[in-house]
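Participant: As annotated in TrEMBL:
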- A:K7, A:Y8, A:G9, A:G10, A:T174, A:D175, A:R185, A:K210, A:V211: ATP binding site (BINDING)
- A:T47, A:E74: substrate binding site (BINDING)
- A:268-344: domain 'ACT' (DOMAIN)
- A:350-423: domain 'ACT' (DOMAIN)
Protein chains: 2
Amino acid sequence: MGIVVQKYGGSSVADAEGVKRVAQRIVDAKRAGHDVVVVVSAMGDTTDELIDLAEQVSPLPPPRELDMLLTAGERISMALLAMAVGNLGHEARSFTGSQAGVITDSRHGKAKIIDVTPGRIEAALTQGAIAIVAGFQGVSQDSKDITTLGRGGSDTTAVALAAALRADVCEIYTDVDGVFTADPRIVPTARRRERISYEEMLEMAACGAKVLHLRCVEYARRYDLPIHVRSSFSKMPGTWIADPEAGSEDMEQAIIAGVAHDRSEAKITVVGVPDKVGEAARIFEALADAQINLDMIVQNVSAAATNRTDISFTLPRADGQTAMAALARIKDEVGYDSLLYDDQIGKVSLIGAGMRSHPGVTATFFSALASAAVNIEMISTSEIRISVIVDETQVNDAVTAAHAAFDLEAEQVEAVVYGGTGR
Amino acid sequence: MGIVVQKYGGSSVADAEGVKRVAQRIVDAKRAGHDVVVVVSAMGDTTDELIDLAEQVSPLPPPRELDMLLTAGERISMALLAMAVGNLGHEARSFTGSQAGVITDSRHGKAKIIDVTPGRIEAALTQGAIAIVAGFQGVSQDSKDITTLGRGGSDTTAVALAAALRADVCEIYTDVDGVFTADPRIVPTARRRERISYEEMLEMAACGAKVLHLRCVEYARRYDLPIHVRSSFSKMPGTWIADPEAGSEDMEQAIIAGVAHDRSEAKITVVGVPDKVGEAARIFEALADAQINLDMIVQNVSAAATNRTDISFTLPRADGQTAMAALARIKDEVGYDSLLYDDQIGKVSLIGAGMRSHPGVTATFFSALASAAVNIEMISTSEIRISVIVDETQVNDAVTAAHAAFDLEAEQVEAVVYGGTGR
C-alpha cells in the first residue's frame, strides 16, 4: 500500500491523553500496511500562550523572532507524539519543518511554501519508521531562517507534504466529524457530506466553514490530491474532498452542498460619494494600501437629484479600525459625507455546484429568509454561491430556514460537537 | 573592542521581567562597544515541565525525541530575549544550536561538542546585530539530529562559542555574586574571590561548588579562555577564572581558595572481601559495567586473622540502587560477606593551590574538625585538595570550622543569596 499523510490539530493533542489517543490511530494506520507520515500542530492553547509571553516582553515583536518562538509549540507536540508512538512498539522520528524540507519564502508569520524536498522523510519511511512532522513551519529559501505559514498552516503543510510524497490521501483529523450541510451547533439535523468537490469546499471555506482552510483546499486541488476530513475523537467515516470521479455519474451531487455562515465580518458604508469617475477607485486604493482584504462590495444607484451614491463593503472585523482610519484620511480628497460602521452583522451563504443548472435556487433561498422574517442587507453571488448579509442576531434563523428549504436534513442527528479548533 | 560572550541561566530569565532585565544588560555591553553574543538557557522550570510531559506520555522516552522536546525550551527563551533586545533599539537575532554551528556527537542527552562553526554568528556580528544562541543544544555530525549536552550544557555552549569566536571573555551570569570561599548560606561571612585559577575552580566544582560545571571550566582551561562569573541580579564585580598572569606575582594567591561541600553522594561498603588478587578489580569492573562513576575509594588494611578486607567508596546518590544491585549480582562470585549503604553523608573539601607548599594544612584542617566535634569517616587528598566524608548533619559545622581555621572571613558580609540554579 501507499503513503498516507495524517494531520492532527491542536485540540486532538491538547494533553497527554490526547497524544496517546492519536498515537494509537497512527499505529493503526501503520499496522494496516501504510507508510505513515503525520503532521501535527502545537498542543491546545500553546500558541496563544507563547503569543501572550511575547506580548509581555515586546509590544511589537520582530516577525523573525515571533516565528522562532511559535515554532517551539510543534516541536513539543511532535516529540511527545513520537514518544507515544514508540511506546506502542513502532519507531517514530520527529522532524521540524526545516528538517522535513518545507522551503518557504521569507514572509515571517505568513510564509508561502515554495518547495518541499522531503528526503529525510522518505529515508525514514524506507527504514520502516513513522515520520512525525511539525506543521505550520518551514525554513526560508534565502536566509535559512525559521518561518511560519500563518493560521491554518498545519493543514497546508500536510497537503504540501502529501503532494510532494505522492501520497494516496491526506487525512485531516479535526474536532468535527466531517463537512456538514450546516454548522451542527445551529442545525442539529445537519447532514454529513460523504463527498464534496474542491470547488464547493473552497466556497464553503471562504464563506466561514471552519473545517478546512481555503489555502489547503486550493493546494490540494492544484495537485488533485484527495483530502479526507475526519474526527480524531470518533471513528465516523468523515468527508472526502475530491473532484467527482471522471465518467461516473455522481449520484451524490446535490443542488446545494451546504449552508455556511460567518460572524467575523463588519460592514462599512461610505455615504454620499460624489458620482464622478475615479472616486470609488480612490476609496478602494486607500483600503488596498492599508492591506485590507474586502469581501462583498455594493454600490447603490446614484440618486439623480444629488449625483451622490453610497458604497458599502464588508471586511474582517479585525481590520475595522484600520479601514475607518484610512477612509477618514481621504475624506476631504474624495468629498464623501460620512462613514457608517456596523459589526453586528453575519453572512449566510448557500453553496452548491448544482445551482448552476437550477435557476430557482435564488428565489427559494430568498423566500425562505422572508418567511423566517430575516431582513437582507446585502447580496452577492457567484456561479455556485449566493451570500447575504443579515443582522447578526438573525444568522441562526437564516441558516435554519435555508437548510430546511433545500431539504438538507439528515434522517437522524449524526453530528457530535467537540468544541475548539486547531490551527 | 572585541567579542564578549555572555551566558544567562534559567533563573535569570525565569519570567518576562527577568528577560527584560537581561536584555538591558546585553544592550549595556553592546553600547560599551563590544560585539555581543549571548547564550541563554530555558526559562526557569521549563525543562522540568517538559520532562514531566514526556513522562506522562512514555515511561522511557527515546533519547532522540527527548532531545527534540527539551530543545523547545531554549527556543522560547532566546526568541523572547531577542524581542526584548529589539525593543531597546538594537537588532538581535536568535539562533538554535544547529544554526550557531554547535556540532556534537550523537549521544542524545549527553552529547559532546566536536566542533563549532559559527559562520552565521560571525555574519550577524559583522552586520552589527547581537546574536542570541540557544544553550545546551547542538546538532549531531552524522545524523543531523538535534542533540542536548546534558546538565550544565549551556555553560559549555558559551565557553565553546567564545573559544571558536576568539572572544576576549566568557561572562557567565548566574544567581550568585561569584565564587566564594564557602557557600554563603552556610558561612555568611564567606569572602568573594576576585580571581581563581582554572585548577582550583576545577577542584571546587568537582567537590560540590555549584557555581560552574566542571565541563565548562575544563573547556575554558583547554582554550585558555577567561571566564567571568557574575550575578545577573546585581552589579557586583564577580569572580574571574583564569590562570595567574605570567610573570606577575599574584598577591591574591592564598593558601586556601575555599571550602566546598557536597551532599549528593552516598557511601557503599563491601564488607569482608577475600584479600586475593583480582577481587577488588572484579568489584570495580561490575560498577564500571553499570556506568557508575565512583568518587572516593578506601580499602581498609586486611585483618590478618581473616584475610578479608572492607572496601568503601562514594558515588552519586542517584546511582545507589543500581550499584547495590550490580554488587548483589556478584556476591557469590566475589565471596564478600555483606553490603552496607549510607546516604546520610556529606563531603567537605579544602581546596587551594597554595597548600602544595604549606605542609601544615592537613593538620590545621583536622584539628579544626576535631574542635568542632566532627567525626571523619573517609579521607582523600590530591595535591591541591583535602576531602573528608562526615555525617550529613555535621556538614555545616565542618565547613564553618574549616573556613574559620584558615582566616577566610570577609571583613563584612558581602554575599547575597538569590536561590535557584539554571542549567
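Cβ atoms are placed via backbone N, Cα and C, with glycine included.
A quick note: this is a predicted structure, and the numbers were derived from the prediction, not measured.
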Participant: May I have the DSSP-based helix, strand and coil counts for the residues of the domain 'ACT' (A:350-423)?
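Facilitator: Grouping H, G, I as helix and E, B as strand yields 30 helix, 14 strand, 30 coil.
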Participant: Taking only same-chain residues 6+ apart in sequence, whose CB is under 8 Å from that of A:K7 (ATP binding site), what do you get?
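Facilitator: For A:K7 (ATP binding site), the qualifying residues are A:V38, A:V39, A:V40, A:S41, A:G135, A:S154, A:D155, A:T157, A:A158, A:C170, A:E171, A:I172, A:Y173.
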Participant: Let me make sure I understand the span of the ATP site: among A:K7, A:Y8, A:G9, A:G10, A:T174, A:D175, A:R185, A:K210, A:V211, what is the greatest distance between any two Cα atoms, in Å?
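Facilitator: About 24 Å separates the two most distant Cα atoms.
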Participant: Using DSSP, break the domain 'ACT' (A:268-344) down into helix, strand and coil residues and give each count.
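Facilitator: Tallying H, G and I as helix, E and B as strand, the rest coil: 28 helix, 25 strand, 24 coil.
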Participant: Through the lens of DSSP with three states only, how would you label A:E74 (substrate binding site)?
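Facilitator: Once the DSSP labels are grouped into three classes, A:E74 (substrate binding site) ends up as helix.
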Participant: In the structure shown, which of the binding-site residues A:T47, A:T174 has the fewest Cβ neighbours within 10 Å?
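Facilitator: So among A:T47, A:T174, the binding-site residues given, the one with the fewest Cβ atoms within 10 Å is A:T47.
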Participant: Across all chains shown, how many C-beta atoms besides its own are within 10 angstroms of the C-beta of A:R185 (ATP binding site)?
Facilitator: 13
Participant: For A:E74 (substrate binding site) and A:R185 (ATP binding site), determine the Cα separation and express it in whole Å.
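Facilitator: Cα to Cα, A:E74 (substrate binding site) and A:R185 (ATP binding site) are separated by 29 Å.
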Participant: Which chain-mates of A:V211 (ATP binding site) that are at least 6 residues away have a CB under 8 A from its CB, listed by sequence?
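Facilitator: Correct list: A:T174, A:V176, A:G178, A:V179, A:M204, A:A205, A:V229, A:T239.
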Participant: The domain 'ACT' (A:350-423): mean pLDDT?
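Facilitator: 85, rounded to a whole number.
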Participant: Taking just the CA atoms, what is the gap between A:R185 (ATP binding site) and A:T47 (substrate binding site) in Å?
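Facilitator: Pair distance, Cα basis, whole Å: 26 Å.
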